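What follows is a single structure, written as structure tokens, with notes after it.
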Amino acid sequence: MTWGTELWDQFENLDKHTQWGIDFLERYAKFVKERVEIEQTYAKQLRNLVKKYCPKRSKDDEPRFTSCLSFYSILNELNDYAGQREVVAEEMGHKVYGELMRYSQDLKSERKHHLQEGRKAQQYLDQCWKQMDNSKKKFERECKEAEKSQISYDRLDNDINATKSEVEKAKSQLYLRTHSADESKNEYAAQLQNFNGEQWKHFNVAIPQIFKNLQDMDERRTVKLGETYRSFAEVERRVLPIISKCLEGMVTAAKAVDERKDSAIVVESFKSGFEPPGDFPFEDYSQNLSRTGSDNTISTPKNEGVVKQDPKHSISKAAKNKLWLFGKKPKSPPSSPPSKPHLPDHAQTPKFSSDPIAFCLSEMRTAKPRMASFRGLKRGAPSLEDFSHLPPEQRRKRLQARIDELSKELQKEVDQRDALNKMKDVYEKNPQMGDPQSLQPKISETMCNMEKLRSEIHKNESWLSEVEGKVSSRGDRRPSADVNHHAPHGRESPEGSYTDVHQPDEFDDEFDDDDPLPVIGHCKALYSFDGQNEGTLLMKEDEVLYVIEEDKGDGWTRARKQGGEEGYVPTSYLDITMEKNSKGAVTYI
């Protein structure tokens, strides 16, 4: 069934139909374009979401918990998923939308050509019809004129009064009209025959061919639409395996969450290496009392042989300070000030000698120097090179990380030295390539760097071996009845000497006996601070506090409440006003 035979007289309708077909194709192309925009927007939003929740810190600061690592894996898979949506958008834009728009332009040109051919054929047929119609009208007109001449001649020929010249003239006029009518008849017959032939060609050859071309064009348009429909689906189906792998990766990441491993990482990250405090000794205050006869009936305590403790070291005070070393760092305020160093843990509780008076005199002689050293420690010293301000386990990790880093740098220097030596050998064998002596300064510098790095590694290894030795020795000890706390690990002095044991209990006693620090200013709390960590002070917004120690550059100020409670608070949380008569008076906002 073809348009040429079935629709030979529907040129105008076919014109409208082919135009509708192209409009529909462009409408579908517009639909694909909007789908492409949706895919692009979706992919962009997914990438922005991934970027928003990706960590912005260095790899060393990345959490090692399986839950965090799994989440980051899911973000990576989601980023790949967004890439596949971009692939879908790109493929649809190129293979569907772009192809449709190019094909639409071709269809418009082809349709225009076929319609022009059809209009030309119709115009030629109309021209042939006009020529035939004109010849027909001329033949009709000539025949009427010949009939009139025939009537006039017959009337004059039968008229006895008519002259011979009038009859001859009428006869001649009849002959001319008849001859013209015959010529018009012949011309009309020829034009009619020509028109019939052209009309046959028009409706049986030209128009069918033109309509067939239009039909082929419309069918190709339909086929193209079907192909683009399929391409529209195939573009997404091709990326489905990759999307499935992304989703499988997310499921795998979810299965990789291990609560046991995360708990072990928490232990590894925060383990201090200290032992729990031992039992408190019994403090017998009745040794100097005179015994009565009734005392014989009282049994001697089991720990009667324990040496008497200093009365100032009460159980309540020891309980107050026993977890000092284990306190967490205070929460950083918005300006992220460095954490205030905590006081070291107390050493073993000092025992009285056999002579209490001699012990008290010794205490009085040594009170002032120890008090000064304690204040220097309390107010916070900068972080030491050997990390002795850290708990043993954390110190061991930091030292090990530094040794690994120094070893990598040393290996780089070794590789550079070997490369320079090889280049020097090449220069010595081929002097035209360069001067061997020009490399000697660089080689010497590299050797110097290697020696420095080896020295640093050796120093850190000695510290590491010391820490490992202390940790193992602590692990072998058992809590005893006369031990309260463990002595802090060694601390390197500025001169390089190493001190292993302090007497922080004596320091604590002297600090307790010392007069309270004078008030050097007052401050107003701009924000609330929970003060949950050891050594910090709880404060509420707009609360007024006394300043008893300025910020030493670590972001913390020591303050006192009106009730006498003291502690450190973030400097950035305060509006500080120093007293005019105090040293270095300044106002912080």
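Cβ atoms are placed via backbone N, Cα and C, with glycine included.
Just so you know, TrEMBL annotations are computer predictions that nobody has curated.
Since we're looking at a predicted model, the values are computed, not measured.
Looking at 46-80, 396-430, 536-570, the range annotated in TrEMBL as coiled coil turns out to be 396-430. A Cβ distance under 8 Å defines the sequence-distant neighbours of the coiled coil (396-430), meaning residues of its chain 6+ beyond its ends; these are 273, 386-387, 390, 436, 439-440, 442-443, 446-447, 449-450, 453-454, 456-457, 460-461, 463-464, 467-468, 471. Shown for the domain 'SH3' (518-579): DSSP residue counts in helix, strand and coil, namely 3 helix, 29 strand, 30 coil. Averaged over the coiled coil (396-430), the predicted model has a pLDDT of 89.
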